[in-house]
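Chemist: Residues or ranges marked as transmembrane segment by TrEMBL: A:20-40, A:60-81, A:93-111, A:117-135, A:144-164, A:170-186, A:193-212, A:232-263, A:275-297, A:303-321.
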Amino acid sequence: MTTTAPTARPPRGRLLDPRLAIGVAIVLALLAASLMTGVYDVVGAADGAEMFAITRIPRTVALVLAGAAMAMSGLVMQLLTQNRFVEPTTTGTTEWAGLGLMLVMIAVPTAGILPRMLGAIVAAFVGTMLFFLLLRRISLRSSLVVPIVGIMLGAVVSAVTTFIALQTDMLQSLGVWFAGSFTSVLRGQYEPLWIVAVVAVAIFLVADRFTIAGLGEEVATNVGLDHRKVVLLGAGLVAVATGVVTVVVGNLPFLGLVVPNVVSMLRGDDLRSNLPWVCLVGIGVVTACDLLGRTIIAPFEVPVSLILGVLGAIGFVLLILRQRRRG
Amino acid sequence: MLAGTTATGAAATEAEGRASGPFPTARARRRYRLVVAGLVAVAALIALGLLAWDNPMPLGSDGFWRIAELRITSLVVMAVVAVAQGVATVAFQTAAGNRILTPSILGFEALYVAVQTSAVYFLGAAGISAVQGVPQFLLQVALMMGLATALFGWLLRGRRGSVHVMLLVGIVIGGGLGSVSAFMQRLLTPSEFDVLSARLFGSVANADAAYLPFAVPLVALGAVVLWLRSRRLDALALGRDVATGLGVDHRRETMLVLLLVSLLIAVSTALVGPMVFLGFLVATLAYQLSGTYDHRRILPVAALLGFVVLGGASFVMRHVFSAEGVVSIIIELVGGTVFLLVLLRKGRL
Amino acid sequence: MIQLQDVRKDYGDEVSIGPVDLAIPRGGITALVGPNGAGKSTLLTMVGRLLGLDGGTISIGGHDVARTPSKALAKVVSVLRQENHFVTRLTVRQLVGFGRFPHSKGRLTVDDEARISEAIDFLDLGALEGRYLDELSGGQRQRAYVAMVLAQETDYVLLDEPLNNLDMRHSVQMMQHLRRAAEELDRTIVVVLHDINFAGRYADRICAVKDGRVVEFGTPAEILRDDVLSAVFETPVRVIEGPDGPLAVYY
């Protein structure tokens, strides 16, 4: 039996606690605001209800799914690498997904959303595994070097993507695809995003194994866990989440990094009881950023990736400085 | 055969009365001299090739020189970029204590792209000419130096100063700037974007001859000062504790080196645009080829190699594939591949 | 003489070093011993100015560590920590040559070369001097670094756990080298040691550190006693008379 459920353990943080209810209430309020925000008057107009169903509901659902999935992907990568600064944008995973997406677009210009997603997922998986492989082969002296190497790796991949895009005159469309935005999320286009709901559930179920695998191959083997399988599973889940979100929504930079770190700063490092919070805060942050993007220059929109890119960068810098203070 | 050469090497060392020097054996020294001579010859050939190939006038005639003169500018630009990137990367890797990093990731290229993009965004296609000109060039250099100095002053000072923290913050600030640039690029009309995209990739054609009177002395200054401090760089390479034990003021020296590095990279970026992996490629090859720890010998090799790579790629792309526009991208791809190989091969970072 | 006065180092609220007052006389080997995390290495690195002080003063041979320029100090005191990331493409002789850096700023004279050879021979590295550092075993590399520190020709030499990662034979050899350096070259050596018996056998003075303070300072005969060691290490220690002097037994 590989499942270990130790009976004598110090009590862990409870999965459900009253504060979670308050958090849920806040996020629900944000989501309601998201449903009601927009140029079109969904209450007054004759076809209001239909517009509501075509644009507002899909958009809000997409916010929930993408936010939760990316935040949890970041957490999985942090667990597997035991490094706080790792997430899809600091490991090249996002860039790989973009490369896969573009290759499919070039090979089959008329490709539907499913083949495109498949291309992005496969490439993201290759990229994530490559990064894990690098980490295993390299002994790192500073935890800060890991994201530096990951970002440089991402730069290499995006140089390849840019080169191909330049050769095929797709450079500007490239920017449009990768800039994460929920503007174009409509009924009939966003449904594949439900796949990431499955990923989120899977992460809930196996999160403890990621923690053990992150302690190293020896430790994992010692407790009877197949290290390789867990890493493959983790990379696979992250790849699916990143691939799907990149194709349907676009790039959501730094979300997977800032959210889990903020949660563990506020609540400590107990993974099990943090998971719902990571999910919730991820949704909340994406929704808040999207709302901000929709209102600051209304009736135009600022893509959520810009807001996340700027706010996330600030959050990231604060985290680094915090780590530095601890020494 | 093998035993014979080893014996000769050992005898040579013995004959010199156990001298230290930058090379362990006379063979290594000969090899270094051969490498330098070879690089000089190849560089000269490439320079000649770039001047003379496809030149319709007979070699040496008045017409030949008139056409050659037009090409000399780009040759000088290549030399400036090669020296700046090669020397800066080697010195930077020593100061950072890590041979897989490149100084370009400090956020310089993100700043450059942001400046170019906002020019087109706010002023339209004509905006691109608004950021050209000598004052604008110097302003961009100053802006990048300012950013770098602010970063160093903020994150390298004090007890907890750390090169890694400084680097990561630089990268992340660059990433934030990149998001803003990407947003502005989305809103450009396709024709405006075309004008801009030519500026987003490093290209010798981006350089204006008018910049050279400023770029050449600045790069020369940075490179020469770094070269003169080679012996301190050698000590820095041993790590903070050992260097301090040997009496080198580690923090001051690191700051100074990084400032000079940022001067070199700022000039190079403002001159031709972003070149992320050229320096990395050149530095990695330079360590391999020079076979010594001695910076006084590595730095010239890196500069020469930079010229050979940049000039060679231009020559091949122009005359063999007629695709000069992609020179920098090809170098980036090759450099990026080498980066991956080094990562996979190296046991420790 | 190395003089520490009211030396303090603060790490947050819980951990702190000091205040430490200590006078290590000129000559011989002084061993710093104590339990894990007692602050031995911290004290040593502060004396070697690799780590700043939060209070108090340290002077080495009359030079105030905080005020004397690093360059000048490098001719008075040399310091070696346990972990040194090494540069590839550097031979043993080239590394030892760096010991002359404070004197020649990297331009080696004939005199420098002679001293480098001396240091190499002193640590029996003659056969290895042309080898690259990454071709050596951990023990050989350790010796190369110690040779570098000796080539620096400073009156005071500080070594942080030089026996770390060395097996029995190499540990004994290293201590014998240090003993000879103290006697023949007249160096004052301060060394952090884990093994109390090595300290008892080779050191002239033992300084016991516990919870960031100096709790005992004296000759091996004064320190190697049941009550003293049991108190310092908080574990029962018995000292028996061995063939070459007292031995601590603590299994």
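Think of each number as a place in line: the chain as shown, counted from 1.
In case you wondered, yes, glycine gets a Cβ from its N, Cα and C as well.
Walk me through where these features lie, including what they touch and how far apart they are.
Modeler: Proximity of distant same-chain residues to the transmembrane segment (A:20-40), defined by a Cβ-Cβ separation under 8 Å and at least 6 residues beyond the stretch ends, is recorded for 48, 51-52, 55-57, 59-60, 63-64, 276-277, 280-281, 283-284, 287-288, 290-291, 294-295, 298-299.
Using a Cβ-Cβ cut-off under 8 Å and counting only residues 6 or more beyond its ends in the same chain, the transmembrane segment (A:93-111) has close neighbours at 77, 118-124, 126-128, 131, 154-155, 157-158, 160-161, 164-165, 168, 170, 174, 177-178, 238-239, 242-243, 246-247, 251, 253.
Note on the transmembrane segment (A:144-164): residues 81, 83, 85-86, 89-92, 94-96, 98-99, 102-103, 106, 127, 130-131, 134-135, 138, 170-171, 174, 320, 323 of its chain, located 6 or more positions outside it, place their CB under 8 angstroms from a CB of the stretch.
Same-chain residues lying 6 or more positions outside the transmembrane segment (A:193-212) and placing a CB less than 8 Å from one of its CB atoms are 61-62, 65-66, 68-69, 72-73, 75-76, 79-80, 219-220, 223, 225, 230, 233-234, 237, 240-241, 244-245, 248-249, 271-272, 275, 279.
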Chemist: Using Cβ atoms and a strict cutoff of less than 8 Å, what residues sit near the transmembrane segment (A:275-297) while being 6 or more residues removed from its termini?
Modeler: 15, 20, 23-24, 26-27, 30-31, 33-34, 37-38, 59-60, 63-64, 66-72, 75, 181-182, 200, 203-204, 207, 252, 255-256, 258-260, 262-263, 267, 303-304, 306-308, 311
Chemist: Take the transmembrane segment (A:117-135) and find every residue of the same chain, 6 or more past its ends, with a Cβ under 8 Å from one of its Cβ atoms.
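Modeler: For the transmembrane segment (A:117-135), the sequence-distant neighbours (Cβ-Cβ under 8 Å, at least 6 residues beyond its ends) are 77, 80-81, 88, 91-101, 103-104, 111, 146, 149-150, 153, 157, 192, 231-232, 235-236, 238-240, 242-244, 246-248.
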